[in-house]
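Novice: Below is a structure I'd like to ask you about.
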Amino acid sequence: MNGANGYRTLKEDPERPIQRDYERGHEDPISVLTGLCREMYRLGWVTGTGGGISLRQGRFVYMAPSGVQKERIRPDDVFVLDSESGEVLCRPEHAPTLRVSQCCPLFFNAFRLRDAGACIHTHSPVAVMATMLPATELESEFRITHLEMIKGLPGYGYHDTLVIPLIDNTAQEEELAGAMAEAMKRYARSPAVLVRRHGLYAWGRDYTEAKTVTECLDYLFDIAVRMHSAGLDYTKAPQNCLQCSAADR
Ligand SMILES: CSC[C@@H](O)[C@@H](O)C(=O)COP(=O)(O)O
Ligand SMILES: [Zn+2]
């Protein structure tokens, strides 16, 4: 049955009532979502209504509305969706015209293909610049090595080459979902996907890991842009790396 606002009115499961609170032992995801949006706005990652974050805890996915000032989202603006079906379980009743973020299918890629607990989408200027570096454009992937912050990515070490896939941008955000899923399948080790001239999707087991991954990547994108401007090759090990030169002998 469709309610007045076009969303189906869902029958409550008396055993597992739809709830805006959170599963025991976790921080309240709605407070985390609104708080992180404020912090990411200050970093320039989610300005002009772009970007966002979605959290998954058990049966529930928490997501911001589309086209809103991300830094001013209030708890009752947040949508709650079923993590299995993607169905909207709770919506902002005070604002019936609000729609769930256009990033929804992309956030669900992270939940379904990586069992992520959180996915962050930024329009960070350095992430966009990283998509336009000659090496990234040529290979359709961003590669970087021998920087300390690579260790902030799960399973990576200083001497590793970090590889992040790059996909082309589309006119509408949700049209990115297929190419993102393909890139995630081809780059099983990557905790993120870059979107050419658009931004970044990065995820983690929970919001702290997703936030760490995003912060480390943003730092590495910035260093790559600066190294490129200085005529330095961020994709190659430094000549004086004893471990790498020993391995090459
Ligand atoms: C400035 S428009 C940005 C959007 O088209 C999109 O790229 C985006 O990241 C946010 O989409 P939204 O649906 O507002 O959550
Ligand atoms: Zn976007």
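The backbone N, Cα and C atoms fix where each Cβ goes, glycine too.
Bear in mind that TrEMBL entries carry predicted annotations, made automatically and left uncurated.
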Novice: Given that TrEMBL assigns His121, His123 to the Zn(2+) site, pick the one from His159, His198 that the record assigns to that site as well.
Specialist: His198
Novice: When the number of other CB atoms within 10 A of each residue's CB is tallied over all shown chains, which of the binding-site residues His121, His123, His198 has the maximum?
Specialist: His121
Novice: Taking the center of the Cβ atoms of His121, His123, His198 at the recorded Zn(2+) site, which other residues in this chain have a Cβ no more than 8 Å from that point?
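Specialist: The answer, listed by sequence position, is Gly50, Gly51, Thr122, Ser124, Ala127, Val128, Val195, Gly199, Leu200, Tyr201.
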